[in-house]
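Report on the structure given below.
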Amino acid sequence: MTKEFHHVTVLLHETIDMLDVKPDGIYVDATLGGAGHSEYLLSKLSEKGHLYAFDQDQNAIDNAQKRLAPYIEKGMVTFIKDNFRHLQARLREAGVQEIDGICYDLGVSSPQLDQRERGFSYKKDAPLDMRMNQDASLTAYEVVNHYDYHDLVRIFFKYGEDKFSKQIARKIEQEREVKPIETTTELAEIIKSAKPAKELKKKGHPAKQIFQSIRIEVNDELGAADESIQQAMDMLALDGRISVITFHSLEDRLTKQLFKEASTVEVPKGLPFIPDDLKPKMELVSRKPILPSAEELEANNRSHSAKLRVARKIHK
């Protein structure tokens, strides 16, 4: 059954306006979600332009088909139900060799967080799931109940940056020996019980970072983003642009590093000119990340941690 998507798009105008949209261009929304970015991008295209929209969540596609109906009727939209790590292969299958621009809105969409049964939220009691793609096999239940102590510590440190990772992993190990940990609230309580009392008084939910780390592991979010962004930069036409919105430091560091590698080059000393194969492919459109306005911060709480980075293709 299709559930309504109630999703406030973050950095809507900045993300699309920075793509410098050509009316007859070929564009990609790598993270369809609530379709806010797609809708605004389509409003800038002529009927000769086309948008390819990726999402691995069928619920997002079903809702977008309603929201974008006027553009679908004109043949301006193609939906691709897949992980964006397969971006290049799926676009090539569709006959696309080059794109004029692409946008990413990384992280979990509000509707996924709000659907209790998806198991993303520590605030709502639900089975441990956290799959963005409901057809995927690995769930949060598997991670929490079957990963060994060392693997749990690794993902809690690496993806959650939680300094109490060892204590939390040990507590999970103890609890699951008694009985399986089955729900989000069970896990949240175990995490709380593993932390010192003074930590529980700090701002923010004590389970937030651990839930984030499990979600990233279940969906291989950073691995997928790394592969996809590199493919996107390869597929950009000259002067094409890429916009990436991130919501936590791990995503932002990854995006910053990928853009840096593509926009800088180490040239051997003494070369009178830079050979074509050494020239950087990209240039940064803005040196620093673009942040939400004061108005947006007030209107949309989700936007507080958002950062937008944009780069442009300057060399094939």
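Including glycine, each Cβ sits where the backbone N, Cα and C put it.
Taken straight from Swiss-Prot:
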- ALA35, GLY36, HIS37, ASP55, PHE84, ASP105, GLN112: S-adenosyl-L-methionine binding site (BINDING)
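Packing around HIS37 (S-adenosyl-L-methionine binding site) is summarised by its Cβ count: 29 other Cβ atoms lie within 10 angstroms of its Cβ, all protein chains included.
Secondary structure at GLY36 (S-adenosyl-L-methionine binding site), as computed by DSSP, is helix. Within 10 Å of the C-beta atom of ALA35 (S-adenosyl-L-methionine binding site) sit 25 other C-beta atoms, taking all shown protein chains into account. Reduced to three states, the DSSP call for ASP55 (S-adenosyl-L-methionine binding site) is strand.
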